[in-house]
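Report on the structure given below.
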Amino acid sequence: MKLLSKVFVTALGLTSIVNAAPTSSSSAEEAQKTVPVELSIGVKQLPNIHNDSAVDANAVAKGYSLVNVSLTARGLTGILKLKEATNIYGYDFEYLNLSVEYQSDTRLNVHIEPTDLTDVFVLPEELVVKPKLEGDAKTFNFENSDLVFEYDEEDFGFEVLRSSTREVLFSTKGNPLVFSNQFIQFNTTLPKGHSITGLGESIHGSLNEPGVVKTLYANDIADPIDGNIYGVHPVYYDQRYNTNTTHAVYWRTSAIQEVVVGETSLTWRALSGVIDLYFFSGPDPKDVIQQYVSEIGLPAMQPYWALGYHQCRWGYDTVESLETVVENFKKFDIPLETIWSDIDYMDGYKDFTNDPYRFPTDKFRKFLDDLHNNSQHYVPIFDAAIYVPNPNNATDNDYEPFHLGNESDVFLKNPDGSLYIGAVWPGYTVFPDFLANNTQEYWNKMFKDWYERIPFDGIWTDMNEVSSFCVGSCGTGRYFDNPVHPPFEVGYSGSDYPLGFDKSNASEWKSISEAAAATKTTTTTSSSTSTSIDGKNTLAPGKGNINYPPYAINNNQGDHDLATHAISPNATHADGTVEYDIHNIYGLIQERAIYEALLEIHPNKRPFIIGRSSFAGSGKYMGHWGGDNYADYYMMYFSIPQALSMGLSGIPFFGVDACGFNGNTDMELCSRWMQLASFFPFYRNHNVLGAIPQEPYVWEGVMNATKTSINVRYSLLPYYYTLLHESHVTGIPIMRAFNWQFPYSKELAGVDTQFFVGDALLVTPVLEPGVNHTKGVFPGENAVYYDFYTHKKQKFTAGKNETLAAPLGHIPLHIKGGNIIPTQEPGYTTTESRKNPFGLLVALDAEGTASGKLYLDDGESVDVEEALYVDFVASKNKLVASVFGEYEVRQPLANVTILGVDSEPKKVLFNNETVSHNYENGAVYLTDLEKFTKEGAFAEEFSIQW
């Protein structure tokens, strides 16, 4: 294999060296074989949405009629009888069972499944939680429901209406239901000019405008615009400004899906399973988010340290390189909470290992001990596949994770019962089967043994869509070649830079361009147009052709094959379930297993997991990062709607690779991005092997911008932690879209270049190169906004697009009046910060009122025994802090700043004692309050009058 060249970058007197890490230090790389490229090429598919000759199911299907309707205590049941079989994409089911259930005043379930469930996959509750009935069946009265179910019998169709207004929220009437073994389709009407959000995960703006086609199939691919990527969230939110209401529709299915958003309709398709629809009535956006997320699983409460700054890259290939990065952060006084490793630390890229030469255990542990002694943390990457050792190589064959797993029968199989062997980073690999009886026990042991050698603080799960670099069980009969190299060049060797680089770095750009031209060759890579044949491409009994189903979705891989960069749909689990039916939840069930394994290591310590693939309910176990983005401005912009979409999906702890993962960044982009990313819940810088270094100390400008933003972030840690807790108990996201905050203003529906953090902070980033200003809207009639840095009240017109000064190194940040923000003096780590004095930032609204909350606990316990809750209320020139809970905070209150005070007060009282104050530009500053709060800032209730 050709090694990538070294990249030398001089940064502030330092020389950083980034190497392409060898696959293993213990084997000669030149002797290593490669997975044959032809094994990575799938059978070319033509997606139906691009096939002009494809049959339109709506035009052909005859639908069903409804018979034998019976009322129940909670709704009704009935039988759907097929009017005429058309067998468009599979065979039609003749009889279906219909069940309608009013589950609560705000939730309705419509469930349709074949009467004969032979060979039909019904998603078990053990894999994906089912919303529960609320109330006593004997006393429940569905006439009190916010929702009403109505139906037509002869040509079956149904409507869900809002009971208070009779507004139709969902209607299939006039469109035939299609329900076959490999194709389910229904259509609903939408109002013209609709505002549809959700249906993640994809790189797209916040709104799903007419013409959007969402492919819901978990996919290992580097963040394409509009294509299917890592996660699947089958829920949409319909915000209607004519009635000022919002509702949500959730299809509880793990099937392969496709959603087509039209001008006045939405078509939803699935390639297996049953219809299990849940309607949430809202009526406000936050209401409906809370209703949905509460049912799929409230988000995990993250440890306090998770809110610190995280640094990573693919290319930290020795213990010494990690040590150097940590030392450089300290040298330049840039706060660093957590250092991460990509696959470099592994021995031959194998899970549960560390390279004996580059990451020897004794040296590695010494580094981690030093890190922990400084209250810092370490998180390694962990891939989904387990290496199959070469039985002809005694050294290679000594790999317990495979042998124990194989003996315990915990790996996925081919339909014939043999091991399904794909290919990932270490070579030919097998894949844990989380439906097998012994997998959790095996998983617990592997993680515990690994932790005893390498005491990590969290886990970063990757490649868990689940991904494979070849099509089908390509390692069957080939694992004797292990270790083998992936069928592509590893890392990045290009010379592309972000938009605007040629102008802002003209001399450097000239030399790069000349060097690229000098080394450019006319060599081209041939590409095969032939299709490969999957030897296991057989018809699954009773299910049809599941590797190549009759309806082809637009899977965003070059050949659209479902098995490209994935394991084949016919890979089989211990209970007979095939991947075709549950591919989309592999990440969810793997991350849940890791969560349980980490609890085995530390029974009452919050597991910290950042995962790539996700599904409805994943937020209960993990946070999420946005995957392999690109170092360019358009990707920086898309990080905002991606974050907002994840919030809607119940995963509020989200961030992206700041400065970009793929390609080379530059000083300007990295400065802007490091400041924007500092307001995301998860804050990490990460990039690809072979690209230039992009740690914030590489450029002085980036370093200064980063220090400024980390200082702001760390001062706001109590506020962020309070928002984490709010999200944990209610499901309300931390980052908030304009249309959630101001649901009655349709002109704000598509705003996703700005966002709120909680209710209090408005972030307006610069998202383009070469400018020293940005534009932003400040919504809300009579709303008051203050500049976060100067504390000055701003003179903005509600809804107007304002121009804001934003020189490089500055990101506009405003406080919305009516909020009280708890703060704390920032330290180098979150642990240091927690030892420092508190402050309060009070931003009065136009009526002179404000409110806020503070939540604190020990920052790590799963079962919190002692917590502190503080409610802040300001009104009529008086602030009152009401304290609840037993958690003891010894740090004093040092300062309080009150914004929006029209005239200087004659005196200020703290618990009726006069305190000194300063007054400037409408702000009252109180300092030296420690003497009043020696027992702790929130040891008791206090008041401030002015």
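From the backbone N, Cα and C atoms, a Cβ is placed for every residue, glycine too.
Positions annotated as signal peptide by Swiss-Prot, on the basis of sequence analysis: 1-20. For Asn97, Asn187, Asn244, Asn373, Asn437, Asn505, Asn570, Asn704, Asn772, Asn801, Asn895, Asn912 (among others), the entry in Swiss-Prot reads N-linked glycosylation site, with the evidence type sequence analysis. What Swiss-Prot lists as active site is Asp462, Glu465. According to Swiss-Prot, the compositional bias 'Low complexity' annotation covers 517-532. Residues or ranges marked as active site, proton donor by Swiss-Prot: Asp628.
Positions of the features from Swiss-Prot, shown on the structure.
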residue : record                      : contacts (Cβ under 8 Å, 6+ apart)
Asn97   : N-linked glycosylation site : Thr77, Gly78, Ile79, Leu80, His111, Ile112, Glu113, Pro114, Thr115
Asn187  : N-linked glycosylation site : Asn58, Thr172, Asn175, Ser265, Leu266, Thr267, Trp268
Asn244  : N-linked glycosylation site : Pro283, Pro743, Tyr744
Asn373  : N-linked glycosylation site : none
Asn437  : N-linked glycosylation site : Ala574
Glu465  : active site                 : Ala218, Asn219, Asp220, Tyr230, His565, Ala566, His583, Tyr586, Gly587, Arg612, Ser613
Asn704  : N-linked glycosylation site : Gly809
Asn772  : N-linked glycosylation site : Ala805, Ala806, Pro807, Leu808
Asn801  : N-linked glycosylation site : Lys775, Gly776, Val777
Asn895  : N-linked glycosylation site : Pro837, Gly839, Leu840, Tyr925, Leu926, Thr927, Asp928, Leu929
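Long-range Cβ contacts of Asp462 (active site) within its own chain (separation 6+, distance under 8 Å): Ile381, Phe382, Asp383, Ala384, Arg612. For the glycosylation sites Asn570, Asn912, counting C-beta atoms within 10 A of each C-beta gives the highest total at Asn570.
The two recorded residues Asn912 (N-linked glycosylation site) and Asp628 (active site, proton donor) have their Cα atoms spaced 56 Å from each other. Across the structure, Asn570 (N-linked glycosylation site) and Asp628 (active site, proton donor) are spaced 28 Å apart at their Cα atoms.
Under the DSSP three-state reduction, Asn373 (N-linked glycosylation site) is assigned to helix. According to DSSP, Asn801 (N-linked glycosylation site) is assigned to a strand segment. Neighbour count (other Cβ atoms within 10 Å of the Cβ, all protein chains): 20 for Asp628 (active site, proton donor).
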